[in-house]
C-alpha cells in the first residue's frame, strides 16, 4: 500500500511539472513563436521534411546497418557490466535510439550502450541488490545456492529506475532550467582520466566471466581493494579460460587485419558479430555448458516488453548515482557531438541535446533499459560508412528490432566469456590514454596532476563518488593557480607596443624610469597579500611603508588644520575685543586689557592702545608630499601595473589596487568601494600598457610622482 501511495504521488508530481511547463510554454509562445518553440523542441519536424533523399539515403542505409550490427555484441556485452541479463542491452540499443532520432540535433553521433555508463549502473545494481540478499538454503544443512532469477529481476528494476531518474535530471534540472553549463567543469584531462579509471573497473568486473569464478563482491568505496578474485584463481574453470584467451587473440588479430583492409573495403568488417556467431556455433556443437561448465547467456526472450513503472521506493537511495549518470552521459555525448559539428559545419544545440538524452533515458527506463550515452567507436563507423544524418541511427534501431523479434534467441548458447573478451578488446583505446601522462608532463603539469588524481580517486572510490571528488579537486587546482600566480617585470620589444617578461625574452628592454609589473592571475582576497610582497620584491617599492608614511602625513596635516582653525577663532575674538576697546576709547571710556590672551600668550602694549601679535597660520592646502626617508631614493618615476588577467574585483582587491582600466566590472567595483575622488579620477585609467607608458613619458612626471607617493606609490593600468 505504501509503494502504491509513493507511485501515485510520483505520477501527480510528474503531471504537475508537465502542466506548469505546458502552461508557461503556451503563455510565452503564441502564433509563430509557439511554432518556433515547438519545432526547436522536436527537431525531427524541421529537418526530416527537407531530407535530401538522393544524396543521403544510400549512405545512411549502409551506415545504419553497420552500426546496428555493432550494437548487437556491444549491447549484450555491456549488459554484463550493468549486472543485468544480456537481452536488456539489446533493449537499451533500441528504445533510446528511436527517442534520440526524434529529439536529437547531432547528425553523426551514435547513442546507445557505453562502457563507462554501464559500469556506473553496475555499481548501483550490485550495491542495492548484492548476491548475499538472494542466497537460499540448499538440501544440505550448510549448503546455499543463489537465486539468479530473483536477483536478475531486482537488478533490472534497479537499473531501469536509476536510468529513469537520471533522465528526469537531464530533462528538468539540466535541460529546461538551462543548467547544462555544469559539464564545463569536466575538462578534457578529467574526462579522459575518468574513462581510463572506469575501464579499470570494467576489467576487474569482468574477470569472473573470463576465469569462470564467482567471487563475493564488495560495493562502495575501496571496492577494488576488497576484490578476492586472486584467492579464487584455484577454482578457475579451464574451459572458460580457454574460450576467453582464444577469443581475445582472435579478436585482436581480426581487428588488425580489418584495419589494414579498411583502405580497400568501404564497409568495415563486422569482426565482433562474426566472433559471436562462431562462438555460438562452437558452443552449441561442443555443448560447452554441459561438458565443460562454461557459463552461457541463457534464455533470450523474443519480442518487446511492456512499459513498467519505476520503483519509486528506491529513488531516495540513488539520487547521487542518477545525477552522476546524467552529468557524465551528457558530457561525453556533447563533447563528441561538438567535434563532429565543427568538422562538418553545423550547430549542435547543447540544451536540446540534454532534453534528447534525458527523454531517451527516462522513457527507456520505463522499458527496462539502462542509461545510454555516445560511443566513439560506433560514431566513427557511422561517419566512415557514409552516415550523414540521424536516419542512420533510426536504421540501426530497426536492425536491433529485427534481432529482438527473430534472431536474438539464436544466441542463447553464446558463452559469457566471449562477451567479456569483446569488452577487453574494446577497451584498448581507453587504456592507451595512459600516454596522456607523458604528454601532459611536457605541456601542463597541473593538468597532469588533475589526470593522475582523477584516476586515483575514481579507482579507489566508485565511479560516482570518484567523479564528484575529481571535479572538486579540479576546481581546487583553479584556486591554487590564482592564489600562486607568476609575477614578472615587463619590457618593451624595441620599436613596437608589445611588452613581454624581461626574464623570458632576451630582446625586450626595460623603459628607463618606468617599471611595468605583471601578474598572471586575477587579484582577489586569496593572493592580495602575495601581490604586494611580489611588487616589493620586483620593484623595491615597500607599499606598507609608503602607506604608513602617508598616514603619518595625513595625521600631521589634520593636526595643523585643527590648530590653525583654533588660532583663527581666537584671533577673531581678539580682533573683536580690539574693536570694542577702540570704540570705548572714542567714547571716553577706559579700555581694559588683560596681560595675557586666552591662550596664555603675553600681550604687548605699545602706547595707549595694546597691539596683539598673532602668528599667521600656514597654508593648510599645500601639504608637502615627498618620499619617505626610510624608502629607497632610487625608486622609478612610475610603476605601471599590468593587470590583464583581472576579470573581477572583490573588496580586498579594491583596497589593493589604486586604479584599473575601463573594465565595467572592475570600474564598478572601484566606484562602489569609494575609490575615486577629486585627485584620482577615471581620467588616469588607460586601455593598454603602452598608453600608460606614453602618458608617463609626456611631461607628466610631477603629477605622476604625486599620485605615486600619495596613493601607495603605484600607477596602475591594464591591457584590454
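Note that Cβ sites are derived from N, Cα and C of the backbone, with glycine treated the same way.
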Stretch carrying region 'Disordered' according to TrEMBL (options 558-609, 610-661, 662-713): 558-609
What range among 451-480, 481-510, 511-540 does TrEMBL describe as transmembrane segment? 451-480
If you look at how TrEMBL annotates this chain, which of 301-321, 322-342 comes out as transmembrane segment? 322-342
With an 8 Å cut-off on Cβ pairs and a sequence gap of 6 or more, do the transmembrane segment (451-480) and the transmembrane segment (354-378) reach 3 or more such pairs? no
Count, for each of 322-342, 354-378, 390-407, the Cβ pairs lying under 8 Å from the transmembrane segment (76-103), and report the range with the highest count. 354-378
State the residues, same chain only, that lie 6 or more residues beyond the ends of the transmembrane segment (390-407) and have a CB under 8 A from a CB inside it; answer 'none' if no residue qualifies. 44, 47, 51, 56-57, 59-61, 63-65, 67-69, 71-72, 75, 87, 90-91, 93-94, 97-98, 100-101, 104, 106-107, 110-111, 302-304, 382
